[in-house]
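J.: Sharing a structure with you now.
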Amino acid sequence: LPVSLPKVVLKIIKHYQEEGQGSEVVQGVLLGLVVDDRLEITNCFPFPQHTEDDADFDEVQYQMEMMRSLRHVNIDHLHVGWYQSTYYGSFVSRALLDSQFSYQHAIEESVVLIYDPIKTAQGSLSLKAYRLTPKLMEICKEKDFTPEGLKKANIGFEHMFEEVPIVIKNSHLISVLMWELEDKSTVADKHELLNLSSSNHLEKSLQLLMDRVDDMSQDIVKYNTYSRNLSKQQQQKHQYLQRRQQENAQRQSRGEPPLPEEDITKMFKPPQPPPRMDTLLIAGQINNYCQNVKEFTSQNLGKLFMAEALQGHN
């Protein structure tokens, strides 16, 4: 159960506002400690943005120097994970999988915090914590992403990531300050929550969803092509063995020695199966888009029913 301090949340939001632009992704390191069955995230710092010109920049060395500096001023410096911003919920990718596997393999309790600035801008903080499931950790350790390996492990897109609940714990002074700020907020700002327009959020989410469905259909075509080629090769191999067996029978009836043994595997090399992990990631991202659309539409439908009831009452 990750427990995050508001300072960490504000730093993540500030990092995106300063360096994130549109679909630009920002990332950083989470620091904290493990207390009983809780992972307390008490601090963080961002990964610096660097271009191709910064060829000499060492990211690992930068992290070590930052943690060393924090330790010198007596601030929690233990590595407990990392954070990343997302664009309309687009975060299920091979890069995130590889990064989280590296963190979780080295530090068992580590998590990745996913911050959605677009949802947050609409009035509700969107911050979720994820970990790789034990099944996926075993697959990544063995590096067996073949269709047979994934089938043997009985893993699907719903068994890849597990969401961990987050508790944001404020001090009493911060809670009092937030109450005062809420009292000072104008009535007009509160009425914006009742806005019935869906803006372009739903349109953009559906567009991204269609793009991922197209990617999935292309992967399905690749897999079907692989299956046809494999079946065709198996038929050719079977026909070759039958012809060879018949020829050996004829040679034996004539008193001739059988044909020399040949390496069938070299003659009929099986086609390479397409990687299935990318397909699972695409399916996981499609599921994530569907959940976002479901949440967004359910909120708007609730507003529409409320508006209809108010009009009927008047």
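Keep in mind that glycine also has a Cβ here, set from the backbone N, Cα and C atoms.
These came from TrEMBL, pasted as-is:
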- 2-136: domain 'MPN' (DOMAIN)
- 244-277: region 'Disordered' (REGION)
J.: Work out, from DSSP, the number of helix, strand and coil residues along the domain 'MPN' (2-136).
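T.: Summed by class, the stretch gives 49 helix, 42 strand, 44 coil.
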J.: Where DSSP helix means H, G or I and strand means E or B, what are the helix, strand and coil counts for the region 'Disordered' (244-277)?
T.: 15 helix, 0 strand, 19 coil
